[in-house]
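Student: Please read through the structure below; I'll follow up with questions.
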């Protein structure tokens, strides 16, 4: 049952008073009949009298006076102009009632309180958004990093944590690659290795890999990042020869770089991409068979939300606020599943921890915050080959020997 407050009653009262003052309701005779009211006499009753429309809906508001000169069948006989006036008045009243009802529903019906338990449940069960675009690049992420493109090489600024991360991620890449290869070049241990640094930013990781002798290609969709990287590498003639930068997304270089690189590095990148599955597939396409993929990123846990966003961004300002979106963080289990479904074999997953007091990173067993992953793309499919035909004498000798030994019967040969 709908209950109406004093606001609707006062609005009806004012409307009727204006109509009486204008003489549009002569003697109030039949007005309520035309409206279909069945109420009690007695006038206003303080604006709170109960009246009931012919439809049976209960309203709290104004009760019109009893009819004094009813016409046939309870209808007032009046000239055509008065009929039109009453019809307009009815429409006005109906609009007032409907508008008041709508406002009341909006006020009390659509703003229901949500329990804290429900809020927490919704917060930590949000799935990673799925992109229907044909690009792994998120335009919102581009805008965020565009504003900080000139600050990449400020070791005390917004990217200080990435600078210190080099202390563990560069040895991780170097030592893993050296353990997989027997070639070692003194002074240039990564000489002869082609590395693709995806989302290279200002070149914070590309440069130390280049100093280790690798041939590095850094790509980033933010043009200002590439300009910053190019300018910084120009200070070192050796790096200018070993590193090249290109403003591009990963999928844009797939066609021209099929199975080109020995190593792909995506450090602090996958939590910013729009389509992770497409990103992994593109990595597989530009990587050589048995090539290595190195990823560092953030796990999707309650702890990573509290420390990685609330503390790191909002309280301590370790990274600019808005840098990360918790919904885009990637659990290692999800990342492993995507990699294995794309033809990768995950070799290692190791937890990382940042100490904001000392400004340093360290390896830990827990992957609940940051973690590093190394995966290897499956080798080339074995080529079909035919077994060499042995001379007839050899076949006979082999079958005879096998038969006497009792290991393989002649019929098996």
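These residue numbers are counts, starting from 1, taken along the chain as shown.
Each Cβ is built from the backbone N, Cα and C atoms, and glycine gets one as well.
So TrEMBL lists these for the protein:
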- 169, 199, 220, 267: S-adenosyl-L-methionine binding site (BINDING)
- 268, 271, 272: Mg(2+) binding site (BINDING)
- 384-404: compositional bias 'Polar residues' (COMPBIAS)
- 382-413: region 'Disordered' (REGION)
Student: Out of 169, 199, 220, point to the one nearest residue 272 (Mg(2+) binding site) in space (Cα versus Cα); all of them are binding-site residues in the record.
Tutor: 199
Student: Taking 10 A as the limit, how many CB atoms besides its own sit near the CB of residue 220 (S-adenosyl-L-methionine binding site)?
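Tutor: Counting Cβ neighbours of residue 220 (S-adenosyl-L-methionine binding site) within 10 Å gives 28.
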Student: Hey, of 169, 199, 220, which of those binding-site residues are within 10 Å of residue 268 (Mg(2+) binding site), Cα to Cα?
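Tutor: Neighbours among binding-site residues, in sequence order: 199.
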Student: May I ask for the distance between residue 169 (S-adenosyl-L-methionine binding site) and residue 271 (Mg(2+) binding site), taken between their Cα atoms and rounded to an integer number of Å?
Tutor: 17
Student: What residues, ordered by sequence, lie under 8 A Cβ-to-Cβ from residue 199 (S-adenosyl-L-methionine binding site) and sit at least six positions away in the same chain?
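Tutor: Within the chain, residue 199 (S-adenosyl-L-methionine binding site) has Cβ neighbours under 8 Å at 219, 220, 266, 267, 268, 269, 272.
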Student: Measuring Cα to Cα across 169, 199, 220, 267, which the record gives as the S-adenosyl-L-methionine binders, how far apart are the two most distant ones in Å?
Tutor: 19
Student: Looking at the binding-site residues 169, 272, which sits with the largest number of other Cβ atoms within 10 Å of its Cβ?
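Tutor: Neighbour-count leader: 169.
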Student: Relative to the Cβ of residue 271 (Mg(2+) binding site), which residues of the same chain, six or more apart in sequence, are found under 8 Å away?
Tutor: 297, 298, 324, 325, 328, 329, 330
Student: Over all shown protein chains, what is the count of other CB atoms within 10 A of the CB belonging to residue 267 (S-adenosyl-L-methionine binding site)?
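Tutor: A count of 23.
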Student: Take the mean position of the Cβ atoms of 268, 271, 272, the recorded Mg(2+) site. Which other residues of that chain put their Cβ within 8 Å of it?
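Tutor: Close Cβ neighbours, site residues excluded: 199, 269, 270, 273, 297, 298, 324, 328.
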